[in-house]
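Residues or ranges marked as domain 'Acyl-coenzyme A oxidase N-terminal' by TrEMBL: 25-140. TrEMBL lists Thr146, Gly185 with the feature FAD binding site. Summarising the annotation, TrEMBL assigns domain 'Acyl-CoA oxidase C-alpha1' to 282-443. As annotated by TrEMBL, transmembrane segment applies to 291-310, 336-355. Look at TrEMBL and you will find Glu428 tagged as active site, proton acceptor. Marked as domain 'Acyl-CoA oxidase C-terminal' by TrEMBL: 561-736.
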Amino acid sequence: MIIEHDVNPDLTEERKKATFDPFKLGNFFWQGQLQRRKEILAYVEAQGAELSPRMPEVFMNRMEQMEDVARLSVAMASHAEKVIDVFKPEEQFYFNSLICGFNGSPFHLHLIMAVPAMINSCDDDQATEWLPKLLNREVIATYAQTEMGHGTNLRALETTATYDPSTEQFILNTPTITATKWWPGALGKSVNYAVVIAQLWTNGKCYGPHPFWVQLRDLDTHKSLPGITLGDIGPKLGTPSNDNGFLRFENYRIPRRYMLMKHAKVLPTGEYLPPLHAKVGYTSMMYVRSMMIYGHAIYLAQAVTIAIRYSCIRRQGEIKPGAGEVKVLDYTTQQYRLLPVLAHVFAIAFTGLYINQLYYTVIGDINAGDVSLLADLHSLGSGLKALTSWQITRGVEQCRLACGGHGYSDASGLPSLYTMVAGSLTYEGENIVMLLQTARSLMKMSAEVSYITDNLEKIEENEQKMKNPISGYIFRKPSISSRINENSKWSFTSGSLTEFVKDESIQVWYHSTYLVELRRIVPKLTFYEIFTISYDFESDWVGDSDCVVAPTKIFFFQVLDYLEAFEHNSRRLILSALDYIQQQKKLGRSAEEAWNEAGVLLCHASKAHTQTFMVRIFIETIPKIEDIAVRNVMEDILWLYISYELVHSAVGLLEEGFLSSIQMGIIRKKMFASLAKIRPNSVALVDSFDFTDRELRSVLGRKDGKVYENLLEWASNSPLNEHDVLPFHEKYLGSAMREARKKREEMSKL
C-alpha cells in the first residue's frame, strides 16, 4: 500500500494496519477494471472545468442545475469516444458518474433504458434504421411505461395503441387522467423520442402491453408535436436536475413499423403474431434490474466509505479514563452500525455480477429460441430488486446517522445519496409487488415438493431439481436441527490430510449433502483440495494421498452449516405460506382471496429465499479470490455478513427448534468476533473501492481526511455568504426586531 503525504495522521495510521493490498481487492471488486477506471478518471480530471460542475449543485436552483447538467452532458458526449468504449455499459456509467454525479444526465436513461429496450425489441430492419442514431446521440430517448394510475401492474396500463389497417398506422391515445405517462426520466424537457409501452389493439382485440417507438418533439425546434402534451412533473425528494415528466396522447399516429417487432408482430392486415414467450417483452425491465443491483452496491459503497473514513477522524469520549478521546469507530456500537453495511456492499455486488451474467445468458438463449431460464431470471430479479433496495436505503441512512450532526449536512454527501437511493424502493417495481412476483414462482415450485416417495421416477426428478443453484434447496429433505458448531472440533495444526479424513465422522460427513454442495461450488477441486480452501499451505501438492497441509480453520465446513440454516429458514417460510394458502382454499376462499390473505407470509418467504441466494453467491465467490491475504479478509467479511443476517432472521428457527439458544449464542459471538477482526482493515477495505473525492462529493469522506478545514471552506461557498446582510433583512426581520425594541422601551417608560 502506498501511504500518501499530507494526509490526516489518523487515516495514515489506519492504512498502515492493513493486512492485505487494497488494490488487489479493488481489482477483484471491479472485475479486473481498476486500472482502466484510473485511466478514465485521469482523462476527465485533465479536462478541468469543461467536465466539472461549476459549483456544488446544492448551491444552485433547479434551472441552474439543469443547465449545468445539460452543459456537462454535451461536453461528456464530445469526449466519450476519445476515452471510453461506448459499447461497454460499465465504462459509460462510470464516465457519466464522474462528470454528472448522482443525478445522471439526459443521456443516462437514454443509455440504461432506451437503448437496451431498442436492442431487445427491434427486429433487424428496425435496429439498422434506429440504433445508429441512438448510439450516435442524434436523438435522445427515454422509456415511458409508468402511468399516473398504474406502474408495476403492467397489464393494467391504460395508454392505447389501436391499429388502423386502412392507413397502416397505430393511433395512440391517453383515454383517462390516470393513463397519463408519469415519472419517466428526462421526459419533461430533454428527450425527443421515447419507447412507449401501450395496450395493443388490433382487429377489435387487445393483446396487452407492447413497445412502440414514438417521436415526441420536432427535431429542429424541439417543440412538442401536435397530438402530444408533455412537461415536467415538478420537484421530487431527490435528483432535482432530472426532468421526470408526464406525457399524454390525443389521436397521435405512428407508422405500423414503429411498433417494435423483434418478438411480437402486427401484419399490414392487422393480424397479430405472438412472441415465443409471454415474458420476452419484460427483458428490458430485467436488464435494468440486473444493472440496478450492482449499482446499488456502488451507492452503498460510497456511503460506507464516507462514514468509515469520518469515523476514524472524529474523536469523541474516552474508553480508558485519562487516555484521551478515541476514534468513534473504536466503539463497538459504531462498528456494529457500519461494518455490516460494508459486508452488504460485497454481498450485493457479487450477487449483482451473477444476475448480470445470467441476464446475458438468458438473452442469448432467447435469441436461440430457448426461454427455459426466463422465468427464473424474472422471479429472482424481482426479489433481488426489492431486497437490495431496502438494504441500501437502510444502509445509507445508517451511514448518515453514524456521522452525527454533520451527516445531516449536504457537505457530507449523504443526504444526496439517500434521496437518490430512496427512489429505488419504488421505481422499476414497487417492492412489495416485486416480492409477490417472486412468491408466485416459489409457490409453483413448492407445490411440487415431495420428500418421501417410493416412486423411482419422482426421486430422479427431485434429484434433478436439487441441482438448480437458485431453488434446489427447496427440494432437499430438511434436517431436524442445525449442525452449527459441530465442526468446530475439526481443528489441528499440522499432519497428513490423509490421516485426517480417515476419521469416521469425516467420512460420514463426506457422504452428506454438504460435500455434494461444496463440490458443486468448486467442482474442479479434488476431495483433498476441498479441505484446503482458505488454508495456509506449507508444502506443494505431491498427490491426493500424500498432501501435507497446515489448515488454520475448517472454513467451508462451518460456513455451509450457516448456509443450511438460511436454507432451512427459507424452506420453512415457503412451505408455511403454501400450506396457509391451501388451508384458506379449504375454507372456501377463492385463489385470489387466499393469495391476498397470505400476502405477508408470501413476502417473508420471498425475502428469505432471496437472502439465501445472496448468501450462496457470497460463499461461491470466496474460492475465486486468488490472493490469500485478500481471501482471508473477505472470509472475515463473509462471516460477519452471514452471522449478522442470521441473528436478525433467527426467530422462526428458534421457535421451531432448528437452532438452540446455545447455537444462537455462538452465532452472536461469531458476529462480534468478526467486527473485531475487520476493524483494523476497515479503512483499507473502503479504500479498495478507490473512490475519488470527485466521485464521493463529500467533505466528510475526503481521501486525505482533512475534514474540518474543508467543511469551513464548503460552508463559505454558500451563496448566502455573498452578503453580510441579506437584501431583505431590513424589510422583515430587521424592522420587526427594531419595532419590538421600540415597544419595550416605550413600556419601560410607563
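Placement of Cβ uses the backbone N, Cα and C atoms for every residue, glycine included.
Thr146 (FAD binding site) falls within neither a helix nor a strand when secondary structure is assigned with DSSP, and so counts as coil.
Cα of Gly185 (FAD binding site) to Cα of Glu428 (active site, proton acceptor): a distance of 12 Å.
Within the same chain, residues at least 6 positions away in sequence whose Cβ sits under 8 Å from that of the residue listed as 'active site, proton acceptor' are Met285, Val288, Arg289, Met292, Lys385. Mean per-residue pLDDT, taken over the domain 'Acyl-CoA oxidase C-terminal' (561-736), amounts to 95. Taking the Cβ of Thr146 (FAD binding site) as reference, residues of its chain lying under 8 Å away and at least six apart in sequence are, in sequence order, Lys181, Trp182, Trp183, Pro184, Tyr427. In the three-state DSSP classification, the residue listed as 'active site, proton acceptor' falls within coil. A 10 Å cutoff on Cβ-Cβ distances gives Gly185 (FAD binding site) a total of 27 other Cβ atoms nearby, all chains included.
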